[in-house]
Amino acid sequence: MNRLGRKASETLIEMAPSADGEESNGPLCETLSTAGSEVPSSTEQGLSSTETTLLIPDRQVIDKRHQSKDSIFFRDGVRRIDFVLSYVDDLNKEWEKKLERRKEFESNLQKAGLELETEDKKESEDGKIYFVKIHAPWEVLITYAEVLNIKVPIKENDIPSMVENPLDCMLTPFRLPEKVMHPEPDYFTAPFSKEKQELYLINDESTFFSPSMRNRIVNYILTRCPYGTEEGKKKFGIKRLLNNGTYSAAYPLHDCQYWKKASDPNCDNERYTLYMEWARFLRFYKEQPLDLIRKYYGEKIGIYFAWLGFYTEMLFLAAVVGVICFLYGLFTMDENMSSKEICDPAIGGEIIMCPLCDRECEYWRLNTTCESSEYSHLFDNVATLFFAIFMGIWVTLFLEFWKRRQARLKYEWDLVDFEEEQQQLQLRPEYEAKCTQKKKNPVTQEMEPYLPLTSQAVRFCISGTTVLFWVSLIIASMIAVIVYRLAVYAAFASLMENAQTLQPISGLLTPQLATSVTASCLNFVIIMILNFIYERIAIWITDMEIPRTHMEYENRLTMKMFLFQFVNYYSSCFYVAFFKGKFVGYPGAYTYMFNRWRNEECDPAGCLIELTTQLTIVMAGKQIWGNIQEAIVPWICNWWGRRKARNNPENLYSRWEQDHDLQTFGALGLFYEYLEMVIQFGFITLFVASFPLAPLLALMNNILEIRVDSWKLTTQYRRPVAAKAHSIGVWQEILNGMAILSVVTNAFIVAFTSDMIPRLVYYYAYSESDDSPMSGYINNSLSVFLISDFPERNKPKTNPEHFVICRYRDYRYPPDHEKKYLHTMQFWHILAAKLAFIIIMEHVVFIVKFFVAWMIPDVPADVKAKIKREKYLTQKILHEYELEKLKERLCQGDKRATEKEFIATEGRMELSRAM
C-alpha cells in the first residue's frame, strides 16, 4: 500500500459544520472520502472480510518463524508498528455486528492515512486472537504533528550548561551514566509546520518522531475515527469499541523485552535500559533517569516520577529531624517526672482511679498504667512542639522548591510555551457523542456541541447527593467504630482482669490500648471496603456529569475522590485527636452517646499515644496494602496469563502477544498514584505532632514506591499512550490546602491532645517545689470524687476494699468544697493558655510560611534567562528562514514578493533583536 497523503480538511481533528451549513454528526472535519485511495479492497487481495490485511509490495509471504519475536516492525521489516488492536472472533449473537464495526473502523483508519497489517488467529499463541498492527506513515505524522502543535528540533542548543558544583564529586555514587540521564542532545525547538519542513533537523523520517510521539498521534486518530451509525447516532472512537467488546485491547508496543536487549539493531532498547538502571530495587540509591522516562513514557508520567522523587528527597530532611525528636523523647524518658510519679508505688500505687465503665469495671490503681505513661513520653514532650513548627515550615519549603524544580523541568522538556488548555481543552469524544445539541462558539464562530443548563443542573444535583450520601456513610461507619470502642471496653477490662495468661503483659496491654488497637484495625478494614466501592461510584457519577474536556473530567474526579478519601482515612484520627476524652463529663454526671454508651476517657497520660497508635496502623496498613495491590496482584495476573506461553518456542511468542498478556495501565493509572501519595502527605503533615517518626515511615515507603511503580510500569504493564503535562495539575492546589490545614491541626493537637500546655501552666503557676517544679503534677491534674455520690447506674457492682474516694482526670473542686464538682480556676487558666498557644503558633508559622514563599521565586533566575535566550534565538532562526525564503521568491521573480514585504520582514527581525 502506498502512503496516503491527506489534506488538513481530511484529518480526524474536530467537529465542524458542513459546507452547506448543516451540522455534522461525527467528530470528522468532513466526511471521509475514498476518492484517490490506493488501498486495495479485501476482495482484490483474496482475504476474508475479517482480515483487511496490507500486503507488502513484493507479495512475498514471510513465515512468522523467521521473524524475530521482538520485532516492532511490519513483515517488511521497514514500517514501524505504532499501535496494535486485538480482538477475538467469537461466534455469538453480536458477531456480525462486531464484524461490521471492525470492517468500517479499519476502513476509515486506512482512509485517514494509516497502514494496517493483520495477524491471523492461527498465528497467535492461543489460536484465538487476531492482531491488527497499525503504522503511521510520514504524511500522517506531519499532518497531526501540526494539529497537536508538537515541537520538533530546529537547532542544537548552544546555551552553556550550568557551572559544575564542586560538591558533585561527592554525589558520584548516586549518579547514573550520562547516556542514561541524557539520552539525546538538547535542541532549540519550534512547533511543527508542514510548510517549513526544511527548517527542522530531519535526518531520518523514520526516526524523526520518537515512538512516544507516534503512538500519541495514532491514539488521537483512534479516539476520533468513526465506525458507523447506530440508533441514528454517529458512533466513533476506540474506547467505545473496547467497551462493547468489538476489540479486546488497544496499545502501543514496548520496544523490547525488559530483561535483555533486542536482536534487532534498529531497536533503541530503552525499556531494557529503564529496567536495568531504574526499575530494580537494588538501584534505590540512584537518581532517576527522568529524561529517558519522559522520552519513553511521555511528559505526564515523567512529571509524576519527578514529583515523587523530589518529595522523597525532601522527606529525608523531615525524617532526620523526626528521628532526632524521637531520640530526645527516648533519652529523656527516665527524667519524666509524670511517669515517675505514676510508676511510684507510694504515689501512683496509692491513687485509686474511678471506674472507666459503668457497673462492670472496678476501681483501679494509677500505677497500672506505668508502662503506657512512659511510652507516651516518647511522643509527648517539648520536642513535639518544635517538630510541629518545623513541619509547618518544611511543607512550605517543599511546595516552593517543587515549583522551582517544576519550572526547570518545563524548560528542559520544552513545555514553557506548552498550552495545556489547548491540549486538554479539546472536547472529549464522549462529550461530542452524548451532546446532541449545538451552539455557536463566540470565539471561533463555529458550531460545537453543548449540554443544556437544565441537564447540567440535574446531573450535578444527582452527583452532589451521591457524594454526600457516601460521605455520610463514612461518618456513620466511624460512629459505628466508636460504638464498638465503647461497647467492648468493659469486656476487655473484665477479660484482662480474670485471664491469668495476660497477667505478665497487663502493664503494657491495658484495656484502653487493646480497645484502641482492635478498633483501629477494624476501622482500617472498613476504610478499604468503602474505598473499593466508592472508586467505582465516583467514576460512574463523573461519567454521568459528561465533563466537557479531559481537564474538567480529571479535576472533577480528583475532587470527588479526594474528598471521600480525606473523610475516609482521616476521620478516625480526627476523632481521637479532637473529640475523644473531651466530652466525658465527670463521675456521677457522665455524658452518653445515644443515651446508652458512656463516652471514652483518655489515658491518665493523655490521648496522644492513642492517636499515635491510630495513625501508625492506618498509615502503615495503607502503605503495605497499596504495595501488595500495585506489585503482587499484577505479577500474579501476568503469571497466570502467560503460563501457557512458557511452554512454546520463543520465536512463536511475538512482541505484540507478549504485550497483550500484560496488564493495562488505564487512563486513571496516574490518578491513583497521585492520590496514594497525597493521602500519605496528609498523614505526615496533619497529624505529625503526634508521631515524629511518620516522615521516616513515609520515606522508607517512598523509596520502595518509586522502584515498585517503575518496576510494574516497565515489566508488568503495557506501554501507556504518551501524554503531555507541564505540572501535577490540581494536586498542587490540594497540597497547598493541606499545608495550610496542617498548621491548624498540629496547633490543636499540641494544645488539646498532648499534655504540654497543662504541664507548662503547672510549671509556671501552680508548682509548689522550687527544687523539682514538676513534682506533684499528677496529683494536681486529678480531681477527687466521693464514691457515695455515685448513682446506681454508674456505681461498680463490688467495692471489696471499701474505698471512700476515687480520682478522675479533670480540674474540678472536691466534694467538700462549696463549688462541689465545678471547674476550678486552673481549668480556665489552662483553657486560656491553650487558645493563646493556638493563636500564637498559627500566626508565627503562617508569617514564616508566607515570608519563605515570598523569598523563594517560583522560577530560578538562570531558567528565566535561558527561556528568554531560547525564545530570542528561536525567533531569530525562524525570521532568518522566512527572510531566506522571501529572497528566493524575489530572485525567482515572484510578483507577490514585493520589496515592501522584504523590508517589513527585515524590520521584524530588527525589532525582535531589540526586544
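Glycine too: its Cβ is placed from the backbone N, Cα and C atoms.
Nobody curates TrEMBL annotations by hand; they come from automatic prediction.
Here is what TrEMBL records for this protein:
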type     : residues : note
REGION   : 1-50     : region 'Disordered'
COMPBIAS : 31-50    : compositional bias 'Polar residues'
DOMAIN   : 73-290   : domain 'Anoctamin dimerisation'
COILED   : 88-122   : coiled coil
DOMAIN   : 293-870  : domain 'Anoctamin transmembrane'
TRANSMEM : 304-331  : transmembrane segment
TRANSMEM : 382-402  : transmembrane segment
TRANSMEM : 467-492  : transmembrane segment
TRANSMEM : 512-534  : transmembrane segment
TRANSMEM : 561-578  : transmembrane segment
TRANSMEM : 678-699  : transmembrane segment
TRANSMEM : 734-754  : transmembrane segment
TRANSMEM : 827-856  : transmembrane segment
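Counting Cβ pairs under 8 Å to the transmembrane segment (561-578), the stretch among 304-331, 382-402, 467-492, 512-534, 734-754 with the most such contacts is 467-492. Looking at which of 304-331, 512-534, 678-699, 734-754, 827-856 has the most CB pairs under 8 Å to the transmembrane segment (382-402), the answer is the stretch 304-331. Through the fold, the transmembrane segment (512-534) approaches residues 356, 372, 470, 473-474, 477-478, 480-481, 484-485, 488-489, 492, 496, 561, 564-565, 568-569, 572, 576, 603, 610, 613-614, 617-618, 621-622, 625 of its own chain, all at least 6 residues removed from its boundaries and within a Cβ separation under 8 Å. Mean pLDDT for the domain 'Anoctamin dimerisation' (73-290) in this predicted model: 86.
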